[in-house]
Amino acid sequence: MTNSLTLRRPDDWHLHLRDGEMLAAVAAYSGHFGRAIIMPNLVPPVVTGAQAAAYRDRILAALPPEVTLRPLMTIYLTETTDPADLIAAHRDGIISAVKLYPAGATTNSASGVRDFDKVRPVLEAMAEAGIPLCTHGEVTDPAVDIFDREAVFIDKVLDPIRRATPGLRVVMEHITTSDGVDYVSANQNIGATITTHHLVINRNHILVGGIKPHYYCLPVAKRESHRLALRRAATSGDQRFFLGTDSAPHPDRAKESACGCAGCFTAPNTMSILAQVFEEDGALDRLEGFTSLNGPAFYGLPANEDMIRLVKRDTPATYPTHIPAGDETVTVFDPGFPLYWHVEDPA
Ligand code: NCD
Ligand code: ZN
């Protein structure tokens, strides 16, 4: 039985660090990652290169000195994004990707795109410059059932965008369905992030036996067959699938509410959970690909040079159930099983 595993330092290809007190509270919990793609859905959103640079500086200032996490910034695409600003920000090493939120799809996405034709010139410029587009893959049409929104997005938005701009590199973020897995598997120039929590929970975890706000995220977890499809994709070794935790902290008061926010805070225990998931699926030898190799390969970056070690012990690793954030608390994702894999950093 394998009880120790040394991996290239992992990266997180989809992370919400927020700003202000929340940023200060959560940033260090992503400290064992080498790099993270930072989501731009602040209030107001990060829409220019200058704002991305300023946000990067605030993140670096919030990290404890011993933490080497490198934030890879993104810009929030709007119908008025200036292609020249994007291109310059990418050329100057300020941004690594651009994020597409359909307007109203998720937390703080009101400034997102309504008319996809309006952003076509920006997408063309991005394809030319090799800037990846990260997509929140859900339509927002009120007539579409929330559990079908990812599948409809693929047909109605994603596939048309990719056909119109074939050179564009696209990341389908936080896929939650077998439809997402199948679409990515069947195509080139596309990758997908998979979150930790979507490998663990299905929609029953949210809804059976009382509503569990801390398991509510967007895209919402789907039925069990979809979770199993995500597990197969993550553990398959296919380079198009890689880790994006989508760790998305909210104050407990905002989640435990009559209109609770979407997002699971998985940064602290993600690596312990993933080791357990991959072990259960007999795929521990593919964990490094998923967490540390496939993402950099997609983004055209080298893997991290340094290593972390995961050690399986008889006693479970302990993580806080909550962390303080200013006057608030944030609940850490509870996978529902003990975590015997401990993270040792440095290796
Ligand atoms: C994210 C957030 O809170 O910013 N929430 C979530 O449920 N994942 C937004 C997002 O990535 O959809
Ligand atoms: Zn997210």
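Backbone N, Cα and C define each Cβ position, glycine as well.
Site annotation for Zn(2+) 1 in TrEMBL covers H14, H16, K99, and the matching candidate from D238, D246, D252 is D246. Record check: TrEMBL places H16, L17, R18, H136, L218, H250, A262 at the substrate site, and the matching candidate among N41, N187, N189 is N41. Among the binding-site residues H14, H16, R18, N41, K99, D246, the ones whose Cβ sits under 6 Å from an atom of ligand 1 are, in sequence order, H16, N41, D246. Each of the binding-site residues L17, L218, A262 was ranked by the number of other C-beta atoms within 10 Å, and first place falls to L17. Long-range Cβ neighbours of D246 (Zn(2+) 1 binding site) (same chain, at least 6 residues apart, Cβ-Cβ under 8 Å): H14, L15, H16, E173, H174, T193, T195, H197, C217, G263, C264, T266.
Taking the Cβ of K99 (Zn(2+) 1 binding site) as reference, residues of its chain lying under 8 Å away and at least six apart in sequence are, in sequence order, M39, P40, N41, T74, I75, Y76, L77, L133, C134, T135, H136. This prediction places the mean pLDDT of the domain 'Amidohydrolase-related' (12-302) at 97.
Apart from H14, H16, K99, D246, the residues listed for Zn(2+) 1, the same chain places the Cβ atoms of L15, I37, I38, M39, N41, C134, E173, H174, G244, A248 within 8 Å of the centroid of those Cβ atoms. Residue density at R18 (substrate binding site): 23 other Cβ atoms are found within 10 A of its Cβ, drawing on all protein chains shown.
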